[in-house]
Amino acid sequence: MCGIVGAVAKRNVVPVMLEGLKRLEYRGYDSCGIALCAEGQLERSRSTSRVAELEKQVSNRHLSGFLGIAHTRWATHGAPTTDNAHPHFSGKRIALVHNGIIENHAELREELKAQGYVFSSQTDTEVIAHLIDRFYRGDLLKAVQAAVVRLRGAFAIAVICGNEPQRMVGARQGSPLVVGIGEHENFLASDALALAGTTNRIVYLEEGDVVDIHLNDCHIYDAGGKPALREVRMVSVYAGVSELGPYRHFMQKEIFEQPRAIADTLQGLEGIAPDLFGADALPVLRKADSVLILACGTSYYAGLTAKYWLESVARIPVEVEIASEYRYRDSVPHENRLVVTISQSGETADTLAALRHARELGMDGSLTICNVATSAMVRECALAYITRAGVEIGVASTKAFTTQLTALFLLSLTIAQIRGRLTPEQEAEYIRMLRHLPAAVSAVLALEPQIIAWAEEFSRHNDALFLGRGIHYPIALEGALKLKEISYIHAEAYPAGELKHGPLALVTEKMPVVTIAPNDDLLEKLKSNMQEVRARGGQLYVFADSDTKIVSEEGIHVIRMPENYGLLSPILHVIPLQLLAYHTALVRGTDVDKPRNLAKSVTVE
Ligand code: G6P
């Protein structure tokens with residue numbers, strides 16, 4: 001959420017920074033801006049439009065510089081206006097960009113106002129710029145170190161000063177920040193992706209670190225102000241991950257990458273064993289007598305799906321909680337409960353806070369299913385399974401979800417094995433199904449032309465209902481979320497048996513009702529629910545397994561799923577729902593990859 005790029009070099013840094021901003025734009029796109037230092041003067045350009053517009057402004061004004069910082073914003077404090085766009089200045093001396101939220105900004109603002117500072121934005125960020133200016137006595141590092149101890153909340157910052165044209169200082173606490181090491185040039189970014197193609201030598205800063213960056217060196221200090229050594233890692237983020245190739249949108253690209261992403265997530269899988277989750281997994285998993293899953297958004301729906309697998313296959317009780325709720329409610333801690341966090345980014349503030357809360361309550365056994373190996377979530381959990389979805393750029397999550405489900409299925413099998421509930425024959429059969437899964441997903445993707453035909457009809461509606469039962473109820477929730485996120489159609493999901501307790505009142509001939517109809521034990525019940533909809537004139541759009549005998553007739557539109565995939569069926573059934581949302585949004589002309597008001601990685605509360 002929000003993106004930072006900074007550079008100090010012996011060349012004009014504008015192209016590197018704009019390229020970095022474009023790569024981070026999916027993180028937040030309410031506004032963007034760049035500040036440059038040229039001949040001791042700070043200049044900036046800001047826009048409430050997209051980075052492409054900023055690029056034009058910068059070029060029209062012939063801005064350039066060897067030192068600069070840039071930002072793309074997801075608004076928290078203050079509307080998305082130019083005045084609130086980063087970088088923020090303190091006088092003509094200090095320029096700063098910030099990700100995160102400063103919780104004590106109001107009190108700092110009053111203090112700084114009393115000292116004569118004049119504020120030109122409503123942001124929490126501007127207080128940091130003035131605070132650094134107040135402490136500035138000719139040494140930017142010292143000023144930043146003095147300022148950060150006054151800040152409460154989460155931040156990653158990059159700061160430059162007109163008086164020191166070959167120096168940039170960064171600091172992190174609760175929001176990610178990396179240093180990119182170049183040849184006689186160095187960089188800062190909130191994600192290594194921003195620097196792909198520029199440098200692959202990356203230092204991941206740790207909580208409380210402050211970094212002092214020059215042309216030829218960089219010095220890191222820990223939270224106590226002591227020099228700290230941090231490993232330089234070779235990070236191979238391929239610059240091409242942020243290119244569209246033959247696709248119109250990243251979401252479409254990512255939907256079609258799912259067979260590959262699932263295959264990569266299963267890479268090297270020979271059999272079920274605890275060490276899939278880390279060398280020390282066995283005692284942690286063996287100790288667990290129940291599971292608590294914590295997550296947000298799409299990852300939460302992956303958790304809801306996993307509950308069915310864990311309870312039916314591994315026979316272990318599971319609770320799934322929305323992280324932002326769990327962290328603030330009085331819950332009954334349970335020492336032997338395994339805490340499982342699910343997160344694409346591994347940086348979602350609410351999920352991290354919920355994990356820490358669970359730990360404070362005495363629940364030490366933790367495992368994360370995460371797509372970013374270097375993330376805070378992976379660092380903070382005892383065990384991890386890294387999904388290999390690759391970088392996901394579309395704000396609406398797709399391949400991250402199906403790879404999470406794949407990993408969660410492996411977790412269910414592993415716990416089942418430890419609890420003596422997985423025979424070698426069952427294990428072999430599930431492994432066979434998992435190996436065939438990428439091909440099964442590819443077969444579902446081939447349904448796209450039929451789904452495009454439905455999307456035209458959906459685009460004319462303002463509401464839609466999604467129905468599922470059992471393990472496909474969370475898939476209905478995910479389908480509804482996808483549709484509302486990117487097409488702005490109001491969509492709700494219900495377990496089909498619950499229809500008669502309220503939502504049936506909404507059903508008229510104008511209401512499209514998407515129904516997930518796998519051939520499972522609940523099929524006959526589901527068919528009755530479908531009749532309840534038809535009797536009120538509702539239009540059913542059914543994704544039916546080929547062996548369900550549900551056929552198209554008046555008011556019932558059917559797309560046949562290629563094969564019934566048993567326990568793994570949710571992974572297949574979510575795919576047409578992703579495509580339906582995508583194509584409906586396309587017809588409605590919305591910004592598919594950057595839906596209004598949303599952001600990819602929500603690192604603020
Ligand atoms: C945001 C994203 C969602 C994502 C959720 C949780 O809302 O737009 O796609 O599901 O955050 O993110 P995480 O990175 O923790 O999975």
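Note: Cβ is positioned from N, Cα and C throughout, glycine not excepted.
Whatever TrEMBL says is automated annotation, not expert-curated.
These features come from TrEMBL:
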ACT_SITE  Cys2  active site, nucleophile
ACT_SITE  Lys600  active site, for Fru-6P isomerization activity
DOMAIN    2-216  domain 'Glutamine amidotransferase type-2'
DOMAIN    281-421  domain 'SIS'
DOMAIN    454-595  domain 'SIS'
Average model confidence [pLDDT] within the domain 'SIS' (454-595): 94
Lys600 (active site, for Fru-6P isomerization activity) and Cys2 (active site, nucleophile), Cα-Cα, nearest whole angstrom: 9
Secondary structure content, the domain 'SIS' (281-421) (per DSSP, counts of residues): 66 helix, 27 strand, 48 coil
Secondary structure tally of the domain 'SIS' (454-595) (DSSP, helix then strand then coil): 69 helix, 32 strand, 41 coil
